[in-house]
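> Got these off Swiss-Prot a minute ago, pasting:
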type	residues	note
BINDING	Arg41	L-glutamate binding site
BINDING	Trp101, Thr152, Asp172, Gln195, Asn237, Thr238	pyridoxal 5'-phosphate binding site
MOD_RES	Lys196	N6-(pyridoxal phosphate)lysine
Amino acid sequence: MRVFNFSAGPAALPEEVLRQAADEMLDWHGSGMSVMEMSHRGKEFMSIHETALADLRELLDVPASHRILFLQGGGIAENAIVPMNLLGWRKSADFVVTGSWSQKSFNEAKKYCTPHLAASGKTADGFTRAPTRAEWQLSDDPAYVHLCTNETIDGVETFEIPDLGDVPLVADVSSHILSRPMDVAKYGVLFGGAQKNIGMAGVTVVIVREDLLDRALSICPSAFEWKTVAENNSLYNTPPTYAIYIAGLVFQWLKRQGGLAAIEARNIEKAKLLYDTIDASGFYLNKVEPAVRSRMNVPFFLADETRNEDFLAGAKARGLLQLKGHKSVGGMRASIYNAVPLEGVKALVEYMKDFERRDA
């Protein structure tokens, strides 16, 4: 029996994608091979690779000025890879910290430069807000400005993206990429692990403006130097072939859904239903300012936290899984990525109301 999976990542995949992957597992398109067995330089995999790149470019409307790279290492590795590729001769980069993930990025950058904290969204209740552009205190000549546009743990999503002129804006988009249209031209670099909205764990997507490819530090490993990866079409080292294949299937699924505008409308509906239920309740609480509440990751707390385990057990009995909040913040978290259907959110909301009634 399939359940409703609210995991923050690895996360739910579209059932259509899973069924297609199962059907093609032993014999991809008459090749007599599984994708797992293919040479990454063979014509079969190259067709998968090129189609995935083209579909992602189409979905996000990536301009010709930007290159799309498939790498390994996940979003955490990019926290080191970004400064090694962008610092050049500069000694500092600016960070807008809106949650746990941008804090990790800031801390990792200390190994390569002297990062400058341009703004923080931390309050007495934790990370509950996104500083406005007027609050950003940028340094004189930063190599780049780093922002995590959706904080998976804290549930803070930044929607308003400022124009920084000549300073490259770097965004960790791991947990909201492909959930809504984006103006890619505003960014110098976008990066994200695949295991939330793109596909399965194993591949990391980097979208980088081409004029930024000459800034790498000499200590940057060749396999993670964006210029080298770009010049070799993401094939400098053996890529995560099956993860790219699954990502490609997800891209095709998104196109069948009507693209990112249609997906965004669906995601807005799902998030509104869940937040409205929380806000109308006297039992559940979300601490994030409404204007920056994440559409993808919805943390919430029970009024009586001694009931947490009972809540999770009851949810599991109804086929509602992976609702436990991150260990650093506690409570609950429902991750409602693209592949989580509206029916799943409705089932969760019904359960939340039932649990509150029983508790009362």
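Positions of Cβ are set from backbone N, Cα and C atoms, glycine also.
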> So if I draw a 10 Å sphere around the Cβ of Asn237 (pyridoxal 5'-phosphate binding site), how many other Cβ atoms end up inside it?
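By my count, 15.
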> Name the residues of the same chain, 6+ apart in sequence, whose Cβ is under 8 Å from the Cβ of Asp172 (pyridoxal 5'-phosphate binding site)?
Gly75, Glu78, Trp101, Ser102, Ser105, His146, Leu147, Cys148, Thr149, Phe191, Gly192
> I'd like to know which of the binding-site residues Thr152, Thr238 has the most other Cβ atoms within 10 Å of its Cβ.
Thr152
> So how many other Cβ atoms are close to the residue listed as 'L-glutamate binding site', meaning within 10 Å of its Cβ?
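A count of 10.
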> Recorded positions Thr152, Lys196, Thr238: which have a Cα within 10 Å of Arg41 (L-glutamate binding site)?
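Close recorded positions: Thr238.
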> Determine, using Cα-Cα distances only, which of these binding-site residues is closest to Lys196 (N6-(pyridoxal phosphate)lysine): Thr152, Asn237, Thr238.
Thr152
> Translate the DSSP assignment of Trp101 (pyridoxal 5'-phosphate binding site) into the three-state scheme.
helix
> Cβ-Cβ under 8 Å from Gln195 (pyridoxal 5'-phosphate binding site), same chain, 6 or more residues apart: which ones?
Gly9, Pro10, Ala11, Gly74, Ala201, Gly202
> Is it possible to get the count of other C-beta atoms within 10 angstroms of the C-beta of the residue listed as 'N6-(pyridoxal phosphate)lysine'?
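The residue listed as 'N6-(pyridoxal phosphate)lysine': 30 neighbouring Cβ atoms within 10 Å.
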> Determine the C-alpha span of the pyridoxal 5'-phosphate site listed in the record, that is the greatest distance between any two of Trp101, Thr152, Asp172, Gln195, Asn237, Thr238, in Å to the nearest whole number.
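Answer in Å: the longest Cα-Cα distance is 30.
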